[in-house]
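Have a look at the structure below before the remarks.
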Amino acid sequence: MAIFASAGAAPVITIDGPTASGKGTIAHRVAKQLGWDVLDSGALYRLTALAALRRGLPATDEPAVAAVAQALDVRFDGPHVYLEGRDAGHEIRQEEVGNYASRIAAYPGVRQALLERQRAFRQPPGLVADGRDMGAVVFPDASLKIFLVADVEARAQRRCKQLIEKGISANLDDLLRDMRERDARDTQRAVAPLAPAADAHVLDSSGLTIEQTVQAVLDFWCA
C-alpha cells in the first residue's frame, strides 16, 4: 500500500534488489506507466567505477575513489549517460566495471558522495528509483518500497542474455560465480548492506514475466 511522502516532496517508488533481479527494467516500465522520472542509482556507482578505472585507480584505494565520486562529471540525457562528456552507456555495463562498482559501493565515502546526487533526482510529478538501498537509506520516506528478488541461477541467465544481446561476450558459469560473490559482498558490507527496508514489499520475480512484475508493482501502488 502506498503511504504519504514527506510534506511537499514528490512521491517516490523504490525498487531495490540484488544484481540482475530485473529492477532496472521494472523501474523504467513502472515510471513510463506513471509518467514519472526514473533513477538508475547503480549507474552512478558504475560511472564512478569507470572514472576510477580510467585513472588507473585500484578498487582498494578508498580515499582516491571517494574523491572521484565527489567530483563525478556525469550527465543523463534520456537513455544516454555521459561521463566527462563521452557517452558511457555501453562501457558501464561491462562486467569489469560492475565488479569494480560492487567493491567500491562498500566505501562510506563513496556512498556519502553519491547520496545527495541521488536525492536530487526527486522532482515532480514523481520518481521511481532502483538500486540496493533506495528504500532503506536514500529515500526512507518513499511512498512505496519494493524489494525484488529472484533465484541466482535465473538472474545469471538474465544477465547473460542481456550482455549477448548488447554484443558483449558472456559466459554463464563465470557470471554465476561473479553474481554469488557480488551478492555476498552486497549483503555483508558494513555500510548499507543489501536487505529489504522494514516496510518494503518483497516480490519474487523468478516465475513472473516482466509484464506480470510491473503489474504487481502497480497493484501495490494502487492498493
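Note that Cβ sites are derived from N, Cα and C of the backbone, with glycine treated the same way.
Close to Thr19 (ATP binding site) in the fold, though at least 6 residues off in sequence, lie Gly98, Ser102, Arg155, Arg159, Met179, Arg182, Asp183, Asp186, each with a CB less than 8 Å from its CB. If you look up Swiss-Prot, you'll see Gly17, Pro18, Thr19, Ala20, Ser21, Gly22, Lys23, Gly24, Thr25 marked as ATP binding site, on the strength of sequence analysis.
When secondary structure is read from DSSP and collapsed to three states, Thr25 (ATP binding site) falls in the helix class. A C-beta separation below 8 Å, combined with a sequence spacing of at least six in one chain, links Gly17 (ATP binding site) to Lys23, Asp130, Arg132, Phe147, Leu148, Val149, Ala150. Packing around Ser21 (ATP binding site) is summarised by its Cβ count: 28 other Cβ atoms lie within 10 angstroms of its Cβ, all protein chains included.
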